[in-house]
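Visitor: Annotation comment: TrEMBL describes B:15-249 as domain 'Threonine/serine exporter-like N-terminal'. Sequence annotations record features per position, and here TrEMBL assigns transmembrane segment to B:137-159, B:171-194, B:200-218, B:230-254.
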Amino acid sequence: MIQVIAAAIGAVGFSIVFGIRHRYIWVIALNAGLSWTLYLICCMWMNDFWSNLLTAAFCSMFAAVAARFTEVPAVVMQMPATVPMIPGGSLYYTMYYAMEGNRELFASYFQATFRTIFAMAIGFALTEVILKQYGGRLTEAVAKIKK
Amino acid sequence: MSTNEKNQDEKLISIALDIGEAMLRTGGEVTRVEDTISRILSVYQFKKTNVFAVTSMIEVTAVTCGGATLTQTRRVNAYATDLEKLDKLNTLSREICADPPPPGNIGSRLDDILAEKEEHPFISYAGSIMAASGFTVFFGGNLYDAAATAVLACVINFMNRKGIYKKDNQLLYYLACSVVTGMLGNLLVMAGFGMHLDKILIGCIMLTIPGIAITYAVRDMLVGEIITGLLRFAESLLIAASIAGGYIFSSLIIGGFL
């Protein structure tokens, strides 16, 4: 629970760092909180790769829907909200142990980082592919609801 | 085709490139940039447009309604993330496409967006404190650690705002930034302010490490933007290496002298 709140606060912080000063900041926080909750739930059933993949797909889909409601680019909604999942820590340790010459730890962090990165990238790409097919319908549906 | 018309067309391409360049500089994806430029040109009656964009360059070739082929290239040599501006640029391009204004008016509106005055520095400090401290707690640090992270986040934000070394060489900036925060972090923990050095530093690292960039780089490659993806990927690895090098250097200094 603390982690979810911390993730949401961190996402708001990143939104500000990325220059967002707008009413939709709370949507980003909500997205980050929900995504991390989903990740934690997914982790109970499957391994980290699939959890990351599904969470990233959910997060970008949420962002795409939110972007259609608020009429801002989806990337604005998505980028700060994905920060909690980003393997910043393990990317750092990968480079740290590479420089220190510790091969074993380097290899394990390298693997962990790239598993996460690939899982998330596939998740994002999955949403993109789905949106290419059904993005138009989604836009229409949102326009209807807004009316 | 008269010279006048040709000038007008060249100016239009240049304006579309200005908008595209501004989008790239504020963190827009290359597909968005390509899409925006070709849409803008098509509402101004260009017959055919070919746009190619990577993070460091945009190239446009357009066939005018008179049948002439015009090409322009734009080098983009710096980019940052400013999503609010990206949103405004996107709105501008939508408005242009919905109701094309005379080309002369677009330039001034673009300047308005780019020249927006900066808000109070306090907000950016608050943002980086929230981001860094939030992630210190997220990774298992306690409230003392969060407080120590807040101090370091202010230092990072200060260096970022002043742009120390950033103009000369990006990597040098990240190196300097991580040496300073690494040393300060070590000193703070030694002074008893904050308990878990690793959690504090990870919170700070989240502010500077290009984790987002590297993830989006792989996504770019997966959806077919291979050159852009590779450029960002290589850049992110270099930045991550210089940050790690900075922290190793700072712990060597602290370990050697204290």
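Cβ atoms are placed via backbone N, Cα and C, with glycine included.
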Visitor: With pairs closer than 6 in sequence left out, are the transmembrane segment (B:200-218) and the transmembrane segment (B:137-159) joined by 3 or more CB pairs under 8 Å?
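Guide: They are in contact.
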Visitor: Can you tell me which parts of the same chain pack against the transmembrane segment (B:171-194), counting only residues 6+ beyond its ends and a CB-CB cutoff under 8 A?
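Guide: Hits for the transmembrane segment (B:171-194): 144-145, 147-149, 151-152, 155-156, 159-160, 163-165, 200-201, 204-205, 208, 238-239, 242-247, 249-251, 253-254, 258.
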Visitor: Report, as numbers and ranges, every residue of the chain located at least six residues beyond the transmembrane segment (B:200-218) whose Cβ falls under 8 Å of a Cβ in that stretch; write 'none' if there are none.
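Guide: Contacts with the transmembrane segment (B:200-218): 29, 128, 131-136, 139, 141, 145-146, 148-149, 152-153, 156-157, 174, 177-178, 181-182, 185, 188-189, 194, 228-233, 235-237, 239-240, 243, 247.
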Visitor: With Cβ-Cβ distances below 8 Å as the criterion, list the same-chain residues six or more beyond the ends of the transmembrane segment (B:230-254) that contact it, or say none.
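Guide: Sequence-remote neighbours of the transmembrane segment (B:230-254) are 54-56, 170-172, 174-183, 186-187, 201, 205, 208-210, 213-214, 216-218, 220-221.
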Visitor: For the domain 'Threonine/serine exporter-like N-terminal' (B:15-249), what is the mean per-residue pLDDT, to the nearest integer?
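Guide: Across the domain 'Threonine/serine exporter-like N-terminal' (B:15-249), the average pLDDT comes out at 84.
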